[in-house]
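Chemist: Could you have a look at this structure, given as C-alpha cells, before my questions?
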Amino acid sequence: GNIRTSLLQGSSFNVTWHLAYPHRGGFRLELLDAQERPLTDLTPVTADSKFLSDDATAQSFRITLPTDLECIGCTIRLLRQATEWGGKYQFWSCADVDIVQRNSYRETCSGNGRYMVARCRCNKRFFGDRCQYENECDNDDDCGLFGRCVDLDATTYPKKICYCRQGRFGPKCTKTSLVTNRDTINLKVYYKKDLSEKMTLYWRILQIEGEIEVVLVNNGSSYVSLGWRPQELTTKCKQFPYISGTVSPGATAGAGAQAEPEPESEPEAEPDATAKSKDKVKPDGAAAEPEPEADLPAGAKSEADPTAEPEPQPTEPTPKLSLA
C-alpha cells in the first residue's frame with residue numbers, strides 16, 4: 001500500500017488488534033524486509049513454539065524495535081492461529097512501516113494532532129500515544145439531529161459510535177433512506193437471484209438516481225455482507241499471499257480451497273488476531289457466509305472467470321427473515 005507509518009529505531013510501542021472471538025492457539029509478531037522476507041521476531045521465541053498462547057484474550061503486545069536496524073518499506077506482520085480449524089490455519093494482518101534514525105524521524109501524530117512538549121496532543125475524538133485511535137462521536141451533538149452517541153463498552157476503538165433513527169444513515173445521520181419499514185418493501189418489483197438456500201439477493205436500477213438498489217434477504221442469526229467486483233476482474237482476486245512456513249506454495253483461496261469451517265462449539269479462550277496499524281486483514285473469526293453455487297465470486301470453491309450473464313427477470317419472491 002501507499003500508507004506507511006514511520007517508527008524510530010529502538011522504540012517501544014503497543015501493537016493492537018481485534019477479532020470477533022478468541023481462537024485456540026497463539027499469536028506472533030515478526031518484522032519483514034521490503035521483499036517480505038523475515039528479518040526478526042518481535043515476540044519471544046521458545047524451543048517449543050514461536051507463538052505466544054498464554055493469554056487467550058490478548059489484543060495487544062508491546063514490542064521493541066532493534067536499535068541498529070534501519071528499514072524502508074518494511075512490514076510488521078501479525079500471525080494468529082486458529083487451531084480449532086486446523087493445525088496450520090492462521091489469520092494474518094500487516095502494517096507497512098519505515099524504521100528510521102532519530103535525525104530522520106518526525107512525529108506526525110498520525111495526522112490527527114500536534115506534537116507538543118514531547119507528546120502528541122490529539123484532536124477531538126482521537127486517542128492514543130500517536131492519536132491513532134478514533135471514536136465516531138463524543139456526545140449526541142456529534143451525531144446530528146437524528147442520531148445519538150452510544151458507548152459500546154468495547155475493548156477496541158471505535159468505542160463510541162452514532163446510532164441513527166430508522167430511515168436515517170450516513171455521517172452524523174445526515175442521509176435519508178426511502179426504506180423506513182421492511183414490511184413496506186415490495187419485492188415483486190425487484191430482480192431476484194438465489195445465492196444459496198438461505199440467502200436471496202433482490203435488486204433494481206433506479207433510473208433517475210442512476211443507482212442500483214439492493215435488498216439482501218438472509219435466514220440466519222448473524223450478520224451478512226455483500227461484495228462487488230468488476231466483471232473483468234478474475235477469480236485471482238481471491239488468492240491470498242503465500243506465507244512462508246505456514247501453507248504449501250501455491251495453496252491459495254482461489255484454487256479449490258474450501259470455505260472456512262464453522263467450529264463445532266465455542267472454542268476455549270486463546271489469543272486473537274488482526275493488526276491495527278493497517279486494515280488489510282484476512283477474514284476474522286466469523287465463518288464464511290454461504291456462497292452462490294453459480295457465477296458469483298467468493299471463497300468456497302474455485303470457479304471459472306466471470307462472463308456477462310443475461311438480465312434476470314422479476315420473479316415472485318418467497319419472503320424470508322431479513323437481517324442487516
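In case you wondered, yes, glycine gets a Cβ from its N, Cα and C as well.
Sharing the features that TrEMBL gives for it:
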type: COMPBIAS; residues: 249-260; note: compositional bias 'Low complexity'
type: COMPBIAS; residues: 261-271; note: compositional bias 'Acidic residues'
type: COMPBIAS; residues: 273-283; note: compositional bias 'Basic and acidic residues'
type: COMPBIAS; residues: 284-300; note: compositional bias 'Low complexity'
type: DISULFID; residues: C164-C173; note: disulfide bond
type: REGION; residues: 248-324; note: region 'Disordered'
Chemist: What same-chain residues, at least 6 away in sequence, bring their CB to under 8 Å of the CB of C164 (disulfide bond)?
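Modeler: Long-range Cβ contacts: C143, F146, G147, G170, C173.
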Chemist: Can you tell me how many other Cβ atoms are located within 10 Å of the Cβ belonging to C173 (disulfide bond)?
Modeler: 19
Chemist: On the three-state reduction of DSSP, what should I expect for C164 (disulfide bond)?
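Modeler: Its secondary structure by DSSP: strand.
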